[in-house]
Amino acid sequence: MSMISWMQAGVSTRLNQWWSSTPFITSGVTIICAAIYLVCLLVGYDSYAEICFLPSAVASHFQVYRFYTSVLFHGSLLHVLFNMLTFVPLGTELERIMGSVRLLFLMFLLATTNAIFHLIVAFLVDYNPLYHVSYLVDECSIGFSGVIFSMIVIETSLSGVQYRSVFGLFNVPAKWYAWILLILFQFLASNVSLLGHLSGILSGFAYTYGLFNYLLPGPSFYSSIEGLSMLSVCVRRPGFILCTGGTTYGQLPTHSNMSTPPSALINANFLRNISSWMPSRRTSTVQTSTNQEQEDPRFPGRGRTLASTGTEPTAREANANLHARHTAANTVRADATVTADQTDTFDEELKKLVGMGFERTQAEVALAAADGDPNVAIEILMSQQ
C-alpha cells in the first residue's frame, strides 16, 4: 500500500512540475478549452451547429464569430484531451520565444487566417467547373487542431531540425512533417476535418514565408499592451513572458535554467539549419549602412533572456553553458518591466550586426543567446560560418 502511495505521489509531483513549467497564455488557453468542454458537458449543450465553423453559414449570414467559437469548442473528451496535450508543448516552446502577448496575437491571427483559407478552398472546390464537391461548404468543424497544425509548421521551421519523428516510429524530413501528420490522421481517426487541418498548414507556411508580415504589429504595440495598468495583474502572474526581451515573472523554467539540455532553437544547429528554411544574405566584406532592415516580426526570438555571467565566454562556451547557468538563474525573480532604453540598446546592437553582413534572424538569436553582448554574439556567428 505504501508503494502505491509513493507511486501516486511521484506522478502527482511530476504533473505539478510539468504544469508549473507551462507559460501563462499556454496554460490559460488550455484551461479555457477544458472549462468550456466541461461546462457543455454539465449543462448538456450539444448544439454545435450554432458555434462550429460552417462555411455556408459564414458566407450567407456573415457569422464571423464562428471563426473563433469553433476553435474553443470540442466534441468529446478524447478530442479536447488530445488537442490540449499536443498544444501545451508547442505553445510552451513558442511562448518562450515570442512572449505571452505576441503568442496570443499569433493564435488570434492563425484562427482568422485558417478560417479564411477554409472558406476559400471550400467554395473553390464547390464551384469549380470540372467536378462539384458541395459537402465541404456544409461541413461543420470544431476544435483547436487547425491552430495546432499551424503552430507545428511554425515550430518546425524555427527548430531548424532536418528530421522529425512520427509517433516515435519513424523519421520524416521536417518540411514534410505536417503533411505526413495530415495524411495519417485521416486514416487513423474518424470525423477528422481534412480541410480544417489543411487550412492550418497553409496558414503556418504563409506565416513562415512572411506573407503575413504586413499584419504583424511592431514591438511597441506589444510593449504598450504589457504596460496597460489593467493588465498589470496578468503581467505579474507566474509564467508571464515579456515580448521585448524581458524575463518571466515567477520561477518559470526557461532554456537557461532548466536542468534538461536546451532545445535546438538556441543551439548551433539552429543557426546553421535555419538558413535552409528562409532566404539568407551572404556578404564577403564587412559593410555599414544607415538604412538598416526592419526587425523580422515573424521570429522575434526575444521572449526570454538568459542568465548573464561575469566573463565573456567563447562561442563554444556560450553554446555549452546556456543550460549550465540555471543555478544563478533560479534565484532571480523579475520584478521590473523592460524599459525602452533596454529595447533600444538591443535593437541598436542588432542593427550593427546586420550592418556587418550577418543574416538578421541568425544575428538576433545569437545576440539573445549572448545576453545582448555583441562581442560574444559575433563569436557565435563567426563559428557558424
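The first residue you see is number 1, and the count goes up from there.
Backbone N, Cα and C atoms are what each Cβ position is placed from, and that goes for glycine too.
Unlike curated records, TrEMBL annotations are generated automatically.
Feature annotations, reproduced from TrEMBL:
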- 281-292: compositional bias 'Polar residues' (COMPBIAS)
- 345-384: domain 'UBA' (DOMAIN)
- 281-311: region 'Disordered' (REGION)
- 21-45: transmembrane segment (TRANSMEM)
- 65-91: transmembrane segment (TRANSMEM)
- 103-125: transmembrane segment (TRANSMEM)
- 131-154: transmembrane segment (TRANSMEM)
- 166-188: transmembrane segment (TRANSMEM)
- 194-216: transmembrane segment (TRANSMEM)
The transmembrane segment (65-91) and the transmembrane segment (131-154) contact flag, 3+ Cβ pairs under 8 angstroms: yes
Selected stretch (most C-beta pairs under 8 A with the transmembrane segment (103-125)) from 21-45, 131-154, 166-188, 194-216: 194-216
The transmembrane segment (194-216) and the transmembrane segment (21-45) contact flag, 3+ Cβ pairs under 8 angstroms: no
For the domain 'UBA' (345-384), the mean pLDDT of the predicted model: 77
